[in-house]
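**Q** Copying in the features that TrEMBL gives for the protein in this structure:
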type	residues	note
DOMAIN	12-221	domain 'Aspartate/glutamate/uridylate kinase'
BINDING	Lys17, Leu18, Gly19, Gly20, Gly60, Arg64, Thr167, Tyr173, Asp176	ATP binding site
BINDING	Gly59, Asp79, Val140, Gly141, Ser142, Pro143, Tyr144, Phe145, Thr146, Thr147	UMP binding site
Amino acid sequence: MTAQEQPELKYKRILLKLGGESLMGRRSHGVDPEATLRIAREISEIQAMGAEIAIVVGGGNIFRGMAAAAKGMDRGTADYMGMLATLMNALALHDAFSKIHVPVRVQSAINAPQVAEPYIRQKAIRHMEKGRIVILASGVGSPYFTTDTAAALRAVEIGAEAILKATKVDGIYTKDPKKHADAIKYHKVSYDQALKDKLRVMDMTAFAMCRDNHMPVIVFDFFTPGNLKKVVHGKKIGTVVY
Ligand code: UDP
């Protein structure tokens, strides 16, 4: 089936936010090449359907600045280490996409010309238009931010129609569904309601950026095969924050 024959995509240009932990597989830290390859396969399916994809990858499977700062490290230095961790993950993803012959580029907000292009907005857009997946590494390139904020900023910059936040839970609940049997899932929730109900969608900087720029965020369980496809087709998966 060609891209033209596919059913309409609800979201054509998307920003997929992948937490670093998604590359761990069953490990307690680091990168599991098999899990990374599975993720690349899943993403390549929506690319084949005509989706334009930018990925912001986190680094929590390797290093988190805040955690190191809490143990006495200088926060700025620790955050730069965290950003470098995201670059390592980006390279692991690049490797996985290349193995399955999916065109891909890595752009980094910290200059690392031997391994990645610098982040250039217009060039990132051009890559997507040409059918390449763009992996955006090193967050926003500054300490005291998270990759959720990078996802929000880049999504707005590249004109993404939505941020797809890949998680292990299938959406946002009134309370922690693991601890409370009576927790209720939101299928849709406005930014104002999310604030009122004190729901943790993203950190506050990312949240404000998305709200001010009318960027929908879809929180969904990425680890159930086929879910990503359903999300881009606009099926009722996860929670839409709008
Ligand atoms: N980080 C940063 N600036 C950014 C993005 C990330 O300083 O713009 C650092 C920060 O220390 C963070 C680490 O990189 O803890 C890894 O990113 P994050 O915690 O967002 O990764 P995730 O939880 O998504 O795996």
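Using the three backbone atoms N, Cα and C, a Cβ is placed for every residue, glycine included.
As the structure is a computational prediction, the values presented were derived from the model and not from experiment.
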**Q** How big is the Cα-to-Cα gap, in Å, between Gly60 (ATP binding site) and Thr146 (UMP binding site)?
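**A** Between the alpha carbons of Gly60 (ATP binding site) and Thr146 (UMP binding site) there are 10 Å.
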**Q** Test of understanding: give the count of other CB atoms lying within 10 angstroms of the CB of Val140 (UMP binding site).
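**A** Step by step: centre on the Cβ of Val140 (UMP binding site), count other Cβ atoms within 10 Å, giving 21.
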**Q** Measuring CB to CB from Gly19 (ATP binding site), give everything in the same chain under 8 Å that is also at least six residues away in sequence.
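**A** Looking at Cβ-Cβ distances below 8 Å from Gly19 (ATP binding site), excluding near sequence neighbours, one finds Gly58, Gly60, Asn61, Thr147, Ala166, Thr167.
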**Q** Taking the binding-site residues Lys17, Gly19, Thr167, Asp176, which residues show a Cβ-atom distance to ligand 1 below 6 Å?
**A** Gly19
**Q** Summarise the model's confidence over the domain 'Aspartate/glutamate/uridylate kinase' (12-221) as a mean pLDDT value.
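**A** Mean pLDDT across the domain 'Aspartate/glutamate/uridylate kinase' (12-221) comes out at 96.
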**Q** Taking the centroid of the Cβ atoms of Gly59, Asp79, Val140, Gly141, Ser142, Pro143, Tyr144, Phe145, Thr146, Thr147 (UMP site), which other same-chain residues have Cβ within 8 Å of it?
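**A** Residues close to the UMP site, other than Gly59, Asp79, Val140, Gly141, Ser142, Pro143, Tyr144, Phe145, Thr146, Thr147: Gly65, Gly82, Met83, Ser138, Gly139, Thr149, Ala150.
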**Q** Suppose we draw a 10 Å sphere around the Cβ of Gly59 (UMP binding site). How many other Cβ atoms does it contain, all chains included?
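**A** Neighbour count, Cβ to Cβ under the 10 Å cut-off: 27.
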